[in-house]
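Data block below; observations after.
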2 protein chains.
Amino acid sequence: MSRLLYLQSGGPTAVLNTSAQGVIETARAHGVAVCAAADGLAGLLAGRLLDCDALPAAAIARLGLLPGAAFGSSRQMLPPQAEAPQQWQQLAALLQRFDICQILLNGGNGSMETALLLQQLGEQFGLPLTVVGIPKTIDNDLEGTDFSPGFPSAAKYLASSLREVLLDMRSMAQGRVFILETMGRHVGWLAAAGSLAALPDEAPPLLLLPEVAYDEARLFAAVRCQIDAQGYCAIVVSEGLRSADGRFVAQMHADRVYGHEQLGGAGVWLAQRIQHGLQLHAHVAVADCLQRAARHLLSAVDARLAYQVGRMAVEWALAGQGGVMAGLQRIATPHGCDWQVVPQPLAAVANLERALPAAFIAADGLDVTPACRAYLQPLLLGEVALPFVAGLPDMQPLQFPPLPG
Amino acid sequence: MSRLLYLQSGGPTAVLNTSAQGVIETARAHGVAVCAAADGLAGLLAGRLLDCDALPAAAIARLGLLPGAAFGSSRQMLPPQAEAPQQWQQLAALLQRFDICQILLNGGNGSMETALLLQQLGEQFGLPLTVVGIPKTIDNDLEGTDFSPGFPSAAKYLASSLREVLLDMRSMAQGRVFILETMGRHVGWLAAAGSLAALPDEAPPLLLLPEVAYDEARLFAAVRCQIDAQGYCAIVVSEGLRSADGRFVAQMHADRVYGHEQLGGAGVWLAQRIQHGLQLHAHVAVADCLQRAARHLLSAVDARLAYQVGRMAVEWALAGQGGVMAGLQRIATPHGCDWQVVPQPLAAVANLERALPAAFIAADGLDVTPACRAYLQPLLLGEVALPFVAGLPDMQPLQFPPLPG
């Protein structure tokens with residue numbers, strides 16, 4: 001009996017396991033056995049496989065409710081054959097041994113390169129192997145898809161949290177500055193989501209995007225303007241904000257303190273610049289992993305499409321349509337928009353990085369355009385109830401046993 | 001017609017406006033007119049009063065859904081009469097002019113001192129004035145009450161968010177450290193809430209409380225132990241963590257960078273210590289205002305009791321029972337516990353600060369005791385649905401007009 005292999009790769013999202021649920025339930029409906037690599041490609045290369053079929057349907061339905069990567073994930077990528085011929089041979093033998101005929105790789109742009117290599121590996125060794133990529137990243141930087149599952153929920157979490165804080169800010173609006181640091185080393189999609197937080201009667205949060213070099217004079221003028229007009233000012237800063245010379249501002253900060261590189265301090269760095277330059281005290285919140293794990297504040301659109309890309313990837317893999325990623329295409333509907341899942345060649349996606357397009361960045365570099373807001377807004381629609389037990393999210397992890405044999 | 005005056009004071013919470021709702025709806029049921037000070041005591045001293053009766057019942061019901069302080073808040077306190085005789089006289093004249101016979105002050109331990117002084121002001125000037133305090137603070141440091149409304153929701157937010165991140169941590173558990181910085185300059189109640197996040201099969205998060213001097217050797221040993229046992233380690237650190245000499249660690253950090261004081265960096269400081277001492281990379285999340293504004297993740301117990309303390313404060317004020325705060329007393333029930341609202345003399349509450357008792361801190365100083373968890377757990381019970389519009393929390397602020405006259 002042949003098997004379908006599922007892998008999770010890279011940083012988790014709030015809906016990564018929802019895609020896994022879509023994969024497993026669809027394969028089961030087709031009567032196909034499913035296994036998963038423990039800890040993604042790292043586990044696969046070590047021959048560590050888990051048996052997805054050991055758990056009942058109710059457990060798989062619960063899988064979709066869990067943040068994180070239920071099978072474990074890693075950032076390991078497959079090296080090209082020329083660099084690791086023995087690894088390719090061992091992997092081919094493993095796939096043959098477990099009669100694995102489909103591989104579904106759930107990850108970001110680096111993982112799509114690995115998916116492409118796995119497809120080549122199958123051809124190289126004459127295996128009946130079909131490889132399909134399933135998109136996933138809160139960064140939203142994948143090409144070939146209108147959005148990456150995981151991003152809408154992170155965006156909803158950030159915009160909702162910021163909206164709540166804006167009401168807090170109003171309450172004591174005497175020269176208060178609030179800084180929210182988001183993830184996003186190279187692209188500003190997550191920070192852009194902050195633009196949705198403002199209420200109609202207030203100034204939009206100032207956005208500091210990795211796509212726009214930090215311009216302190218311009219920022220300070222805008223902060224002053226908002227403080228004068230409404231008494232408070234919110235700033236959303238990407239962890240990957242850079243100065244005009246291309247260096248991460250957070251890294252400059254670390255250099256100054258300890259003389260070595262460490263990212264993740266753009267918010268604190270900025271608060272200190274503002275304290276010194278404007279004599280304004282700034283509060284700093286750093287969302288870090290909270291924004292990608294916030295299962296309690298999910299976008300229903302995200303959850304639905306995360307499931308769908310998993311489902312369609314299985315359909316295509318079983319039909320022998322490999323070398324593609326399950327991309328999302330936005331289509332207009334009478335009352336807004338919807339998405340259909342369409343195959344995108346892996347080669348057109350792998351290792352590319354989609355930044356915010358110029359048309360989405362406002363002229364002053366501190367906001368996004370109405371076109372960007374129109375893109376973002378439908379992604380946040382709908383809520384998904386999360387079960388709570390004893391006042392806390394019901395999140396008992398699932399334990400999948402090793403694949404026998 | 002006499003009036004009841006309501007004031008909000010200090011930092012907002014997720015349920016401060018729920019207490020306001022309780023106050024206004026109860027006063028209306030008694031046919032008593034209600035006004036509020038704009039921006040707390042600062043606005044009162046400037047004669048800025050808002051008319052709570054200008055808005056319909058539906059608006060007041062919506063008030064309870066908003067984070068922040070809907071009438072504005074301030075940290076200003078009333079000075080004793082000896083220090084500001086003219087201010088006292090002006091205030092007495094204002095109260096007489098608007099026929100204010102009850103004052104309800106919704107705040108923390110400093111505000112209860114102001115409530116006490118307001119009661120004295122009434123006696124001093126022969127006004128028919130009854131002053132009642134309504135507890136509020138996410139810090140949970142008020143004496144005379146089992147908990148302070150606002151704390152349970154912040155605790156639920158922190159514990160839920162950390163539980164979600166723990167699932168993320170498990171997914172890539174290769175020597176990962178996650179640090180969550182909570183509010184709490186002097187007391188560790190918020191950080192203690194992190195202890196509820198762990199699932200039964202995992203090590204409890206390590207807690208760094210302001211009540212326990214930072215002991216690096218002990219912390220590093222515990223981190224190493226958790227990393228060895230389960231591959232990851234979560235640390236919850238109060239912003240007010242201190243070294244053995246009593247200095248804030250965050251302040252030491254700031255001194256080192258810029259030679260001046262600024263709190264709010266305990267998490268980043270700790271990450272750098274761990275990077276250098278253990279060669280482990282640590283993620284840092286700083287909840288900051290998110291934890292006190294997170295209306296989307298409310299404790300139903302908190303919301304219910306926040307309303308009740310507002311309601312009972314009005315009942316007592318109208319009955320002439322002043323000089324008290326509406327405290328919460330925990331009572332055993334057949335299936336757990338509940339709370340009743342009891343009057344506590346303001347003098348027994350004002351300016352006191354309730355730290356975590358010794359019996360709530362584990363012997364190693366890095367955890368809380370089962371008794372503490374038993375105290376915390378019932379506070380988190382129950383969820384409250386928040387209306388969303390277009391994918392974001394429905395949070396249009398209310399505008400109360402100035403009180404005529």
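Just so you know, glycine gets a Cβ as well, placed from its N, Cα and C.
Automated prediction, rather than curation, is the source of TrEMBL annotations.
Quick look at what TrEMBL annotates:
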type     : residues                                                             : note
DOMAIN   : A:4-316                                                              : domain 'Phosphofructokinase'
BINDING  : A:GLY11                                                              : diphosphate binding site
BINDING  : A:ASN109                                                             : Mg(2+) binding site
SITE     : A:LYS136                                                             : site 'Important for catalytic activity'
BINDING  : A:THR137, A:ILE138, A:ASP139, A:MET183, A:GLY184, A:ARG185, A:GLU239 : substrate binding site
ACT_SITE : A:ASP139                                                             : active site, proton acceptor
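Taking each Cβ in turn and tallying the other Cβ atoms within 10 Å, the top scorer among the binding-site residues A:GLY11, A:GLY184 is A:GLY184.
Fewest Cβ neighbours within 10 Å among the binding-site residues A:ILE138, A:MET183: this applies to A:MET183. The most densely surrounded of the binding-site residues A:ASP139, A:GLU239 is A:ASP139 (count of other Cβ atoms within 10 A of its Cβ).
Counting Cβ atoms from all protein chains shown, the residue listed as 'Mg(2+) binding site' has 23 others lying within 10 Å of its own Cβ. Largest CA to CA distance in the substrate binding set (A:THR137, A:ILE138, A:ASP139, A:MET183, A:GLY184, A:ARG185, A:GLU239): 16 Å, whole number. Fewest other C-beta atoms within 10 Å: among the recorded positions A:LYS136, A:ARG185, that description fits A:ARG185. Here the candidates are the recorded positions A:GLY11, A:ASN109, A:LYS136. The one whose C-alpha lies nearest to that of A:MET183 (substrate binding site) is A:GLY11. Cα to Cα, A:ASP139 (substrate binding site) and A:ASN109 (Mg(2+) binding site) are separated by 10 Å. Within 10 Å of the C-beta of A:THR137 (substrate binding site) there are 27 other C-beta atoms, taking all protein chains into account.
In this structure, the C-alpha atom of A:GLU239 (substrate binding site) lies 20 angstrom from that of A:LYS136 (site 'Important for catalytic activity').
Put simply, A:ASN109 (Mg(2+) binding site) is 14 Å from A:GLY184 (substrate binding site) when counted between their Cα atoms. Taking CA atoms as the reference points, the residue listed as 'Mg(2+) binding site' and A:ILE138 (substrate binding site) are 12 Å apart. Within 10 Å of the residue listed as 'diphosphate binding site', counting C-alpha to C-alpha distances, fall the following of the recorded positions A:LYS136, A:THR137, A:ARG185: A:LYS136, A:THR137. Reduced to three states, the DSSP call for A:THR137 (substrate binding site) is strand. A straight line from the CA of A:ARG185 (substrate binding site) to the CA of A:LYS136 (site 'Important for catalytic activity') spans 16 Å. Excluding A:THR137, A:ILE138, A:ASP139, A:MET183, A:GLY184, A:ARG185, A:GLU239, which define the substrate site, the same chain contributes A:ASP141, A:THR182, A:HIS186, A:VAL187, A:TRP189, A:LEU190, A:SER238, A:GLY240 within 8 Å (Cβ to the Cβ centroid), listed in sequence order.
A:GLU239 (substrate binding site) falls outside any helix or strand according to DSSP and counts as coil.
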